[in-house]
Each structure stands twice: as structure tokens, then as C-alpha cells.
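Below you'll find the structure, written out as C-alpha cells, and then a few comments.
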């Protein structure tokens, strides 16, 4: 045991040394220097952390601008169709086709978007999407007949298909693991923001003449795509796409901007390079990608079932019908004044947008599955209650109040889980070499189901009533609860490359996911 200031003398005896004043000053100085170095390093790390988060946040926001276009189109068409029908004298069937064709056509954009983004990159695919939409929106604004309106609608649908498919993929590929869930939910936030803007546009311009108001409503949708042009000068290309092109140093440069420390950058880069097949000289051809998708391995089959299935369930529960046809739903409940109908849809839009913001804060804290449980169970209850309300209560004040409550409740539960988490999961689960094109398949399923629901809602409502139609949606929503329980793993806190390994060993799901009880705990916390 040694004592400070005690030394051995030349004879081996212990003697007390008063020590040197300079010596103790030097020790203090060294400690002080170390402390200052640590403080400086800590300050540097905090500064880098803040700048990194701001940069990634800006990238996620700009990448999500295309999704405003989809949301705005969905929201504005719900009100504009009332005036289009009056101005162009279109039939009910033409109305269904006009509303639903965007979803059907957008699947072409989504399907082509996977291959396009692998060839020209994620960033320029977003630019192409904006240009195509702008052309379509301009044609719709100037349309003098149903046929010309349809041409513009088709082009807008293709542009939206490209944008909707690529934004979640891009954000998932640039985001650090800890924030990936909340950042990847941004496209859904912007869809909801677009829907709300569409509703507000309906209400704001409804006082203009019938020949003018719907044109102004559609023309306003061009504005968000203009900002996308500015975004291209700010956002980088996806590091994972750069790695696939063997541009490893450029990928490292992007990762240095989007990750908080150099060690994590090198770890992520090693995983990405290995996943891209560059480290062993592999080069995946387009033909090989599609062959693998058509003849999947057991793990890839599980990924495809999960990704395609959750996209389909998102739409067959009737969310687009609720948004597109909310004026018709409220009219069936007893609201007849057009201004009041459009005001009620604004309330729906506000609810939908507010709840998606809550989901953004929760998705990386409580996980994907608890939010999906809360969402699907809540939607099932609201849809079933709405169907009963429309069938039994009639058109009195109570019926109107219940319809408004249930529609707002349905979109609220959708926005807190199924809306954003669907896109998050789809962008996370596929291997790098297949991610863009497999995600495109999921988006195709989403758009097909959306189009089918939108184009059949009015006819189905005439056949089995609006209440009967929502009862059917409630059954699909109940099935989605079972789907989430059985086939969706928890991906919170895992890198994209770790998630790929998770699907290769299905038995590990039980140890890595949150169960239904966690969702109940979340409800109690809220």
C-alpha cells in the first residue's frame, strides 16, 4: 500500500518526502488538461449531434414533399368532385372512375419507381415524380371536358405513384437507426398535411363560381412540387444506393453527415457494403432481382407477405373511402348544407393530422407493434360503431354527432398506427439489393386496394347501404389485428441489416417483439 509523499530512501527505509511543489502543480495541470480535453470533446460531440439531427430532419422533410401532393389530391377531390359534377355534368360512374383512377394509375408509377430508383437513384426519382405530377395537375386545372380531366388525372397518378413509393425507402436508408421510425413516418405526416390543406382549400374556394372554384382547388396542388426543385440542392443521394453503385467513398461522406460518430459510420458502411454484395465482387442484375422476387427464399417470402399484406390491409379497411367520400357519409347522416359538409371534413383533416404527429413521437419509443395493435383495434371499434349508427340512428342530431365522432375516431386511430407504421415496416424489412423493387410491390398492393375501394364505394353503398359498407370495412379491420399479431415483427432499434437477419430466423420474433399487452399498457399511459 503506497502513500502519497512517501518514498524509499537509498537504504531501503521509508522516509517522508515533502515532495516538490512543482511536482504537484504538474499533476494538477495534467488533470486540468484532461478535463478540458474531455469537455472540449463532449462539446464537439454535442455540436455534431445537433447538426446531424438537423441535417437528417431537413432531408426527411424535403423527401416527404411529394407526399403532400397525394394527400392534397385525396383531400381536395372530396370537395371538388361536388362542383366538377355540377360543372361538367358527369355521371355517378364517371365520378367513381375519376376519384378512383388516381390510385389505380399510381400503381404504375410505384411499380416503375423501384427499377427507376435503382438506375438513376432515389433523389432523382423524387424529382421525376414532381415533374410528372405538375404536368398532370396543370392539365386538370385547364380541363374543359371529362376526357381531358382524365388525362391530367392519369399523369398526376403516375407522378404520385413514383413519389409515394420512393420517399419512405430514401428516408429509411439515410436515417440513423435510433430515429429511423419517427423519420420514416414523415411521408405519412405530409400525406395528412396535404389532406388537411385539401379540405381547407375546398372550404376556402367553395364560394367562387362553379366553373372556377374546382379549377382553383386543383391548381393550388402544383405549389408543393415547386419546392421539391429547391430540395434537390440540399438533400444527398442515399448512401445505400451509392454503395450499390460501388461509390463507397461518396456513401461514407453521406453517412458522416447523417450519423453522430465515426465508429457508427464505419460499422454502418461495412454492413451496407456487405449487403450490397460489393465486398465479394457480386453484381446483382435486374433479371436476378426479379427472379429472386418471383422465386423467393423462405425468409424473403415472409418479408413479402408482411410487406404486401400490411399495405393491402391499410387500404381495405376503407381509409381512402372515408377521406374521399366524407361529404357523402355526412350527407347520409343528415348534413345537407354544402358549406357545413365541407366544414365537417376540415374537422376530419385536423384530427387526422394531429394524431399522426403523436405517432411520430411514439414509434421509436414504444415500438411498431403496440401502435399497430392500438390502431387496428380502435379502427375496428369505430368502423363497427359507424355502421350501426348509420343503420339505426337515422338522420337526426344524434346520428350526425355519432357519424362525426366515429369518422374522426377512425382516422385518428388510423393515423396513430396503421397509417405511418405501414410505410415504416415496408421500408425496413427488405434486403438492400431488393429494397426498392420489393417496396414497389408493396406500394402496388396499396394502390390497387385503394383504387378498388375508391371506385366501388358509391356503387357498394347503393347496394348494401353506407352502413353496410362500413360494417364490411370493420370486418377487414378485425382481420388486420390478427395479421399484425401473427406476421409483423418488432423492428424498433434494429439496423436495416439486422432486420434482414431477423426474418431469416423466424423463431427469434418472440424474443424481440412487444406483445398485445404492451399496447394495452400504452393505452393506459395515454
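Heads up, the Cβ atoms here are built off N, Cα and C, so glycines get one too.
Any TrEMBL annotation is an automated prediction that lacks curation.
Per TrEMBL, these features apply:
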- 55-85: transmembrane segment (TRANSMEM)
- 59-492: domain 'Major facilitator superfamily (MFS) profile' (DOMAIN)
- 97-114: transmembrane segment (TRANSMEM)
- 126-144: transmembrane segment (TRANSMEM)
- 150-171: transmembrane segment (TRANSMEM)
- 183-204: transmembrane segment (TRANSMEM)
- 216-235: transmembrane segment (TRANSMEM)
- 341-363: transmembrane segment (TRANSMEM)
- 370-394: transmembrane segment (TRANSMEM)
- 400-426: transmembrane segment (TRANSMEM)
- 438-458: transmembrane segment (TRANSMEM)
- 464-485: transmembrane segment (TRANSMEM)
Can you tell me which recorded stretch out of 55-85, 150-171, 400-426, 464-485 has the most Cβ pairs within less than 8 Å of the transmembrane segment (370-394)?
400-426
Let me spell it out: take the transmembrane segment (464-485), skip the flanking residues so only those 6+ beyond its ends count, and list any with a Cβ under 8 Å from a Cβ in it.
309-310, 313, 316-318, 321, 328-329, 332, 369, 372-373, 376-377, 379-380, 383-384, 386-391, 418, 457, 516
Sort out the residues at least 6 away from either end of the transmembrane segment (126-144), same chain, that have Cβ-Cβ distances under 8 Å to it, and list them.
63, 65-66, 69, 109, 113, 116, 120, 151-163, 166-167, 170, 215, 218-219, 221-222, 225-226, 228-229, 231-232
Short question: which residues 6 or more past the ends of the transmembrane segment (183-204) have a Cβ under 8 Å from it?
56-57, 60-61, 63-65, 67-80, 164, 167-168, 171-172, 175, 217, 220-221, 224, 323, 339, 342-343, 345-346, 348-350, 352-353, 356-357, 359-360, 363, 415, 419-421, 423-424, 427-428
For the transmembrane segment (97-114), could you work out the same-chain residues 6 or more beyond its ends whose Cβ comes under 8 Å from its Cβ atoms?
70, 73, 77, 81, 84, 90, 125, 129, 132, 146, 149-150, 153-154, 156-166, 320, 324, 436-441, 443-444, 446-448, 450-456
Non-local residues, at least 6 beyond the ends, that sit with Cβ under 8 Å of the transmembrane segment (216-235):
58-59, 62-63, 65-66, 68-69, 72-73, 76, 79-80, 123-124, 126-127, 130-131, 133-134, 137-138, 140-141, 194, 197-198, 201-202, 205, 208
Would you kindly list the residues that approach the transmembrane segment (341-363) from elsewhere in its chain, counting only those six or more residues past its ends and only Cβ-Cβ distances under 8 Å?
75, 78-79, 181-182, 185-186, 188-189, 192-193, 195-196, 198-200, 202-203, 206, 322-323, 326-327, 330-331, 335, 371, 404, 407-408, 411-417, 419-421, 424, 492, 522
What mean pLDDT score does the domain 'Major facilitator superfamily (MFS) profile' (59-492) have in the model?
84
